[in-house]
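Taken from TrEMBL as is:
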- 1-392: domain 'Major facilitator superfamily (MFS) profile' (DOMAIN)
- 27-45: transmembrane segment (TRANSMEM)
- 82-100: transmembrane segment (TRANSMEM)
- 120-138: transmembrane segment (TRANSMEM)
- 189-211: transmembrane segment (TRANSMEM)
- 231-251: transmembrane segment (TRANSMEM)
- 272-291: transmembrane segment (TRANSMEM)
- 297-324: transmembrane segment (TRANSMEM)
- 331-351: transmembrane segment (TRANSMEM)
- 363-387: transmembrane segment (TRANSMEM)
Amino acid sequence: MYVLAYGIGPLLWSPLSEIPSLGRNSLYIFTFAIFIVLLIPTALVNNFPGLVFLQFLLGFFRSPCLATGPGTLGDMYAFGKLSYALSTWAVVATSGPAVGPLLSGYSVPATGWRRSTWELLWLSGPLFIAFFFLVLKASPSNILLQRTQRLREQTGQSCFRSQGEIDQSKRHTREVVTEALWRPIQTMILNLSIGFTALYVALIYDIYYSFFECFPMVYERIFGMSLGAQGLVYLSIAVGITVGLVMYLIWIRITWEPAVRTWNIGPPERRLIPALFASFLLPIGLFLFAWTATSDIHWIVSIVGIAIMSGGIFMIMQPIFLYFPLSYPKYVASVFAGNTVARSVLAAAIVHCSQPLYVNLGINRGVSLLGGFTVGCIFSICALYHLGPSLRARSEFAP
């Protein structure tokens, strides 16, 4: 339910973050404060339905950090340097679910499951205070609005209006609702490239979250690891993502940044080159994990497979996320919103399906099935690289 709410939340919060009078920081502070307050009843609740409902609310109010985080970075960094900021931010966001089990793996067996929620509260409280006092506003529309308001106060004339106020006055409620709810779905249905990338990213997201069900079945039942030791296994995800980050930043430094400086970035499909290479790493890591997660093979081999898979995931998703704004700049918010909804809804479903999958098929065949899907995606992303220009030419959403 937490992951599901992560996908639903941006449908509300993303349009609100574009309103000049609100800005992004006000939204961050409001939702972060609600999130912290909700952690207290979550740690104290005594029934399962209440816990599920509170988890949904936690995901809903915490979703702006992922939904509008890239927009905040876009306000702060120049176009040529934005990829560095986005990639580093993505590493931290993706590694969070991998580092979490390391902390709870040692505290939960000793003090109970509620301790993990209290730990989250202890970490979030000081972070909220630091954010409230130290983070400056970066939304251009909000900054210009404040300057306009000061100018109106100083001159006593109400004729001054910011561009954000002018744009907002032209938008009707129906248009805002349509853009928030229908257009993300419309872009995926009517555009083949957007639809495929949404499904591909959703599949990757599903595989990532399915391993949270798979790991205990492998490292507890097969290798006899304790809950704390299993938390250390999750660090292989962070290691793989970090290696993927280094490789991706090298590519940006060598190819992307010089192209931006010379205004020769070429077609958006050039941004997919790292994903073409990484699309092979994902099935390699999955098949390596699937067929080495046995008691007669040392556990380090399967962990290497996890690291390879994680690096491949990072190097696939980052080029795709850079491909979106270059291909569909006018509808980029809707494209990202649709992608977020698709991957979060499917990830919430896979959490319920993954355990029956691994129990009925076994770890090796179950993971191999997922690996087979990623092999099919290799051909699809290669097709997108070669056919992308013709697809964009026929799309009503492309410039």
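Keep in mind that glycine also has a Cβ here, set from the backbone N, Cα and C atoms.
Counting only same-chain residues 6+ beyond the ends of the transmembrane segment (189-211), those with a CB under 8 A from a CB of the stretch are 3, 97, 282, 286, 306, 309, 313, 316-317, 320, 323-324, 327-328, 335, 338-339, 342-344, 346-347, 349-351, 354, 357, 370, 373-374, 377, 380-381, 384, 388, 391-392, 395-397. Counting only same-chain residues 6+ beyond the ends of the transmembrane segment (120-138), those with a CB under 8 A from a CB of the stretch are 23-25, 28-29, 32-33, 35-36, 39-40, 43, 72, 75-76. Long-range contacts of the transmembrane segment (27-45) within the same chain, counting only residues at least 6 positions beyond its ends with a Cβ under 8 Å from a Cβ of the stretch, are 13, 16-17, 51, 54-55, 57-58, 61-65, 68, 114, 117-118, 120-121, 124-125, 128, 131-132, 135. Counted as Cβ pairs under 8 Å, contacts with the transmembrane segment (82-100) are highest for 231-251 among 231-251, 272-291, 297-324, 331-351, 363-387. Remote same-chain residues near the transmembrane segment (331-351) are listed as 1, 3-4, 6-8, 10-11, 14, 18, 66-67, 70, 179-180, 183-188, 194, 197-199, 201-206, 208-210, 212-213, 321, 324-325, 397 (criterion: CB distance under 8 Å, separation of at least six residues from the stretch ends).
Among residues of the same chain six or more beyond the transmembrane segment (363-387), those with a C-beta under 8 A of the stretch's C-beta atoms are 193, 196-197, 200, 203-204, 206-207, 210, 214, 217-218, 222, 269, 272-273, 275-276, 279-280, 282-283, 286-287, 289-291, 293-294, 316, 357. Through the fold, the transmembrane segment (272-291) approaches residues 204, 207, 240, 244, 247-248, 251, 255, 301-302, 304-316, 318-320, 323, 363-368, 370-372, 374-375, 377-378, 381-382, 384-385, 388 of its own chain, all at least 6 residues removed from its boundaries and within a Cβ separation under 8 Å.
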